[in-house]
Amino acid sequence: MVKPEKFIPKAIEKISQEIKEGKAIIALSGGVDSSVCAELAYRAIGDRLQPIYIDTGLMRKGETERIKHIFSHMNLHVVYAKDRFLEALAGVTDPEEKRKAVGETFIRVFEDEAKRIAADYLIQGTIYPDRIESEGGIKSHHNVGGLPSVMDFEKIVEPIEDLYKDEVREVAWALQLPEEICERMPFPGPGLAVRILGEVTEEKLEVVREANFIVEEELLERFCPWQTFAAVLGKGTGVKGDIRAYGWIVAVRAVGSRDGMTAEALELPWEVLKHLEARITSEIPKVARVVYDITPKPPATIEFE
């Protein structure tokens, strides 16, 4: 286990050595990984750091406004790039290709911002499980295997690449980051794109965004899952009134885990599952069916793609 009191000064010193001069930008998503990296980098290089938040259009409901509020003290720059990401994802159905499309667009947007502020370095919140899954061929991550082969940065700096998620949280508490950040549930780098099986469209995004909001609202505080979310699997036949309806199938996922390397599905009470189904199908008319995924990791991964 990490000892934050030893890790923090070493990480700050390492960043200082890797970025001796010039400016750096960081992909600040508001998740615990990027938030810890931003705080470490700020302590290491001060105002030579420019935190940037990219609104990909693949974010959770209300995400951008929350992040702007929480990090307003850090001179956060927000880039609205939804059109670029949806254009890159148009027609893409393969999960790996989707991740790489998001990763490449992600980097290109950052390169544009880096040129604008003359930044030489990119700081990223890659953690150890990301590297293991990418190197093992399980799935690429937008900040590991999903990166394009040619980048316009002098160097990519990854201050927490040897830490597990629970260790990152310990460091976050030691850095005195807000509780909302320290205990924030993991959210995939490619965002809602990997919670949509098949091509990403505006309609699917609308459905999965609202379904995720309902699932988090119902399960987070009551059951404290390590991760919980909804995914759009495809379409199925349902009934609305007396009429056949062809609508979306939404899968609900809720797991317990220590570090994300293994996970078990939560045994949610039947009445909770029925309530989730009722809310999702009534509040999102385009949904015809709701299912609950009980598969552990392994054999499944936590996310569907």
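Note: Cβ is positioned from N, Cα and C throughout, glycine not excepted.
What Swiss-Prot annotates here:
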type    : residues                                        : note
DOMAIN  : 2-184                                           : domain 'GMPS ATP-PPase'
BINDING : Ser29, Gly30, Gly31, Val32, Asp33, Ser34, Ser35 : ATP binding site
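This view paints the features noted in Swiss-Prot onto the structure.
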residue	record	Cβ within 10 Å
Ser29	ATP binding site	21
Gly30	ATP binding site	22
Gly31	ATP binding site	21
Val32	ATP binding site	26
Asp33	ATP binding site	27
Ser34	ATP binding site	23
Ser35	ATP binding site	28
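Along the domain 'GMPS ATP-PPase' (2-184), the predicted structure has mean pLDDT 87. Neighbours of the ATP site: apart from Ser29, Gly30, Gly31, Val32, Asp33, Ser34, Ser35, residues of the same chain with C-beta atoms within 8 angstroms of the site's C-beta centroid are Leu28, Val36, Cys37, Ala38, Gly125, Ile181, Arg184.
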